[in-house]
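What follows is a single structure, written as structure tokens, with notes after it.
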Amino acid sequence: MRHLEKPVVLDLQRPTNVAARIVGGVRSYAANALLVALLALAPFLFESHIVGSLTRGMIYGMAACAVGFIIRCGGMVSFGHAAYFGLGAYSVLIAQKIGLTEALLIWPIAVLVSAAASLAIGSLSLRTRGVSFIMITLGFAQMVYFVISSVQGLGGADGLGLQARNQIGGVSLESPTRFHFVVLALLLVVFCVLSRVGRSPLGMALAGIRQNERRLKALGYNTTRLQLTAFVLSAAITGLAGALAAEFYLYVSPGLLHWIVSGELLVMATLGGVTALMGGLFGALVLLLAEVLISEFTTYWRMALGPVVIVAVLYLRQGLQPALQKMLGGGRD
Amino acid sequence: MTEPVLQLRALTKSYGGLIVTDNVDLNVLPNEVHALIGPNGAGKSTLIAQIFGEITPDKGAVLWCGEEITRIPVHQRVRKGLARSFQVTSVLPEFTALDNVRLATLASASSNPSAFEVAAANLTATERAQTCLERVGLATRSNARAEALSYGERRHLELAMALALEPRLMLLDEPMAGVGSDESHSLTAVLRDLRQSCAILLVEHDMDVVFALADRVSVLVAGRIVASGSPAEVHEDHEVKRAYFGEEDVW
């Protein structure tokens, strides 16, 4: 057999490397691990309104990670993810209106609704690339916004409240702490899925498409179909986040579908770093933290948003997560 | 007589009033190196792009082993055994050399890349990729990022990627463009090795390379094939000399 240049897999099989790998693994994931630990311990450390902010941060972070995922894998900048976020939320509202109260049933429905919408929108949008793609995703999202905000049965432009938070497996989610942990658990599942897909042949091909789509076609990849797959996966995750947002606010309004949400998700993803799996979560939490801190002093907290983003883009380049990672002395994930 | 892998029948393409491909008939036999030469702007790259499916011809047909493929998308042509290299180096800069080639071996392993397998754990694909790198002499550079490779190395890498697809016909668009004479020798050696495994349609300006490798030469001038034959015949052809090289013999 020919001598191989030691692909990583061969190293894994060597027991002597296990200890080194664990140490290396902890170091390279230190920033992520610290953040997850903080989120897990938050209900025991902080007052309830801060825990609530963190729950909300995780929900938006989940959607932002999905937005970042298709930039990293597939090179698609979507300016229309509010549609999937909002559709997820409205699915919860409609499910409750027809009498469902089981989250294990309702949330998958929300995921499916968003995925189905993204399959239709994505297959049309992916006839374009670049700036046209950005604009066409925005256009479709605005269509969804106007259609839903004109349906009086769904509360029209004002939206409607939910009667109560749905139950999960018969267990009530009314307790904010319990809901916080459910959101955290789902977030970790999302990270596992995205990380796994990122390292798969599909993920590799998608990362290749971002770098040079023509080359990937020349290797025999049906690039549009692969991008559509990633787009639908991303929208499905965003739909789940939207469903969780509905449960969190206990209120669903067209505001969740508004293009500003698409913009905020993009800002969160970029701020946290699109090269990093958990970049969107970092971005979302920092943004919400800024909101909480600045709104102590002024209601015009959004004014600070611009400078924060400009500074981040100028000085962090790759985003927050990679910068923190570097500070903690680990490699890139 | 053996059936050609590739046949072009009266292929025509124009942009407005400019005819870039004018009634081109051409074929490539299995295990043959067919060189396509011609002055700048003759339409060589446009012709390659039409064969590969990146540009759709206005008229005429592209036949693959007798089957018409004029209008099928690029990725389906690659699945049939057509591969190409690019005139301007086209590798994935952020990936290692090995990953660049591994993308090719993974693609040829399955038409639908799996979402839940770990790419690095596919030992067959990895090993095949490594073999391809060895064949072009890049084995020691397999863990270097493509953007860190020298220009000549990237040209080699590009050939390794085409090779990894195990094609029946390779379209090579100026594989020697911009490389120094040392690299040019090693690339010629690689091409000589490649011709053992597949047919090659070679677009090249370097006449030494064309004469060293080609079984047949076709000359494209202003979108038309003006001559076709063995290298010696084409060399002697008066029309070629007049249209392509001027009256004087520059060879």
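Just so it is clear, glycine is given a Cβ too, placed from its N, Cα and C backbone atoms.
TrEMBL entries are annotated by machine, without manual review.
Marked as transmembrane segment by TrEMBL: A:29-46, A:58-84, A:104-124, A:131-148, A:179-198, A:219-242, A:274-294, A:300-317.
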Residue numbers, six or more beyond the limits of the transmembrane segment (A:179-198), whose CB comes under 8 Å of its CB atoms: 36, 39-40, 42-43, 51, 54-55, 58-59, 61-62, 65-66, 69, 72-73, 165, 168, 173, 207, 230, 233, 237, 240, 244, 247-248, 277-278, 281
Stretch contact, the transmembrane segment (A:29-46) with the transmembrane segment (A:131-148), Cβ-Cβ under 8 Å, 3+ pairs: no
Touch test for the transmembrane segment (A:219-242) and the transmembrane segment (A:300-317), at least 3 Cβ pairs under 8 Å: no
Chain residues in Cβ proximity to the transmembrane segment (A:131-148) (below 8 Å; excluding those fewer than six residues from its ends, i.e. six or more beyond): 76-83, 86-87, 90, 117, 121, 124-125, 154, 254, 257-259, 262
Same-chain residues at least 6 beyond the ends of the transmembrane segment (A:58-84) whose Cβ lies under 8 Å from its Cβ atoms: 39, 114, 117-118, 121, 125-126, 133-135, 137-141, 144-145, 180, 183-184, 186-187, 190-191, 194, 197-198, 203, 206-207, 209-211, 213, 226-227, 230-231, 233-242, 244-245, 248, 256-266, 268-270, 272-285, 287-288
Distal contacts, the transmembrane segment (A:274-294) - CB-CB under 8 A, six or more residues away: 31-32, 35, 50, 53-54, 56-58, 60-68, 71-72, 187, 191, 194-195, 198, 264-265, 267-268, 301, 304-305, 308, 318-322, 324-325, 332-333
Positions whose Cβ lies under 8 angstroms from the transmembrane segment (A:300-317), at least six residues beyond its ends: 267, 270-271, 273, 286-287, 290-291, 294, 323
